[in-house]
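Chemist: If you scroll down you'll find the structure; I have some questions about it.
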């Protein structure tokens, strides 16, 4: 591993070599940079919080392809880059903006300092991948200090492997897994002089759609974090990632449901239900609660559709991005809350959701959002846990409360879709199919008991067996139901 001095010298020489041309192609290390820039720049800017009148610190500012946009809205921009010729070119382009200060400096330098809580937004595009692991950690701590409470940190990195097609004699870039950045920034915390504790809350994380559309590449990933008080309640996402969908739990579920899947029946039920959608090439599909991406890859690969998969669980999206490596399919992933996420009206041909909406308390509001997001003639297909119209037994009520579920009977669920404006609503009780699938999955796990315990643990095995048997018991007693819902926007 390179020492601090060696690492900085290697990175500086690399960028001196690749910034001779001072063009967008040189900065993006890609022959199609101009076309990509036209698509990705507005996408990245749309991902940011409102910046009107704010103070923005831009690291790795380069020749200023984002500096220009930031300067037009922000109150003040401090643009920093460690290659002198590059920051001078930025100043030549953007120097007429009187609210921009240009600094030639290395972000890892001990002399790089700003007052605590002085920045509304710290922005960087392709910076951390040119720092060592320790340098990323040190800079993250400083950025947390420099950001105002309620302020934001945005960064975008190349993960897994190279994206640009420019030839390079050597490449010192650190192509990390996205979960490296997520974990490091999530664990970052500080105390101020008064003893108040602060940390970073993940607002969203997504792959850049321009690269998915143009290169079938999901490894261009951006994050948006907000500085919050450590006692802020971010309960539901934390519950999903620390309790129900811990990384170990996701791998267990995937073992049961099949590679890429964490919902009932895996690929088999996916094929059956997707066939009902009559997908056509070029259509746009939104998968709400996409999990680890198996259904999205299936739709994109077999029907040539463009899929956007969203999930509130950071762990789920991390696995989905790993599964996407090398598949070359048109699937975008984003950590997002479907009750807060905004899409333009008439965006999607299909909205698809498998065993997810049970987590949502205000289903009528969500279904109204779905209706707006769909194009006229668009379809929604949902499978979800449901319940009997009768009052739940004490045991079932405890299960529902513990999981934070909001369950309805099948017909009431269908009526909520009608009330949201949907037509041609089909609401089917598929509990018999659910039980057959559960039995098959249970048998498969029991048959490979020793292998399962070896790969996970005895406790994991008993959790899965116990959980599946409980679901079977609740379903056979008529308490737990499984519903299939299809509806159309006219």
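Just so it is clear, glycine is given a Cβ too, placed from its N, Cα and C backbone atoms.
Found this in Swiss-Prot, in case it helps:
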- 60, 65, 81, 106, 107, 125, 262, 263, 289, 311, 337, 338, 354: S-adenosyl-L-homocysteine binding site (BINDING)
- 158, 163, 164, 168, 175, 253, 385, 399, 403, 405, 471: phosphocholine binding site (BINDING)
- 244, 245, 253, 385, 399, 403, 404, 405, 471: N-methylethanolamine phosphate binding site (BINDING)
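Distances, neighbours, how buried they are, the whole picture for these features please.
Modeler: With a 10 A radius on its CB, residue 262 (S-adenosyl-L-homocysteine binding site) counts 28 other CB atoms from all the protein chains.
Taken residue by residue with DSSP, residue 471 (phosphocholine binding site) is part of a helix.
For the recorded site, residue 399 (N-methylethanolamine phosphate binding site), the DSSP three-state label reads helix.
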Chemist: List every residue in the same chain as residue 385 (phosphocholine binding site), at least 6 positions away in sequence, whose Cβ is under 8 Å from its Cβ.
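Modeler: Residues satisfying the criterion: 355, 358, 405, 407, 480, 481, 482, 483.
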Chemist: With residue 289 (S-adenosyl-L-homocysteine binding site) as the reference Cα, tell me which of the binding-site residues 175, 399, 403, 471 is the closest one.
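Modeler: Closest by Cα: 403.
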Chemist: Want to know which binding-site residues, from 253, 403, 404, 471, are within 10 Å of residue 262 (S-adenosyl-L-homocysteine binding site) at Cα; which are they?
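Modeler: Final answer, ordered: 253.
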Chemist: Greatest CA-CA distance (Å) over the residues 60, 65, 81, 106, 107, 125, 262, 263, 289, 311, 337, 338, 354 that the record ties to S-adenosyl-L-homocysteine?
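Modeler: With 60, 65, 81, 106, 107, 125, 262, 263, 289, 311, 337, 338, 354 as the binding residues for S-adenosyl-L-homocysteine, the largest Cα distance is 47 Å.
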Chemist: Whose Cβ, among the binding-site residues 81, 337, has more other Cβ atoms within 10 Å than any of the rest?
Modeler: 81
Chemist: Given the binding-site residues 175, 253, 399, which one is most crowded in terms of C-beta atoms within 10 angstroms?
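Modeler: The residue with the densest Cβ neighbourhood is 253.
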Chemist: Any same-chain residues 6+ apart from residue 354 (S-adenosyl-L-homocysteine binding site) with CB under 8 Å of its CB? Would you list them in sequence order, or say none?
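Modeler: Listed in sequence order: 263, 264, 270, 273, 287, 289, 291, 295, 382, 383.
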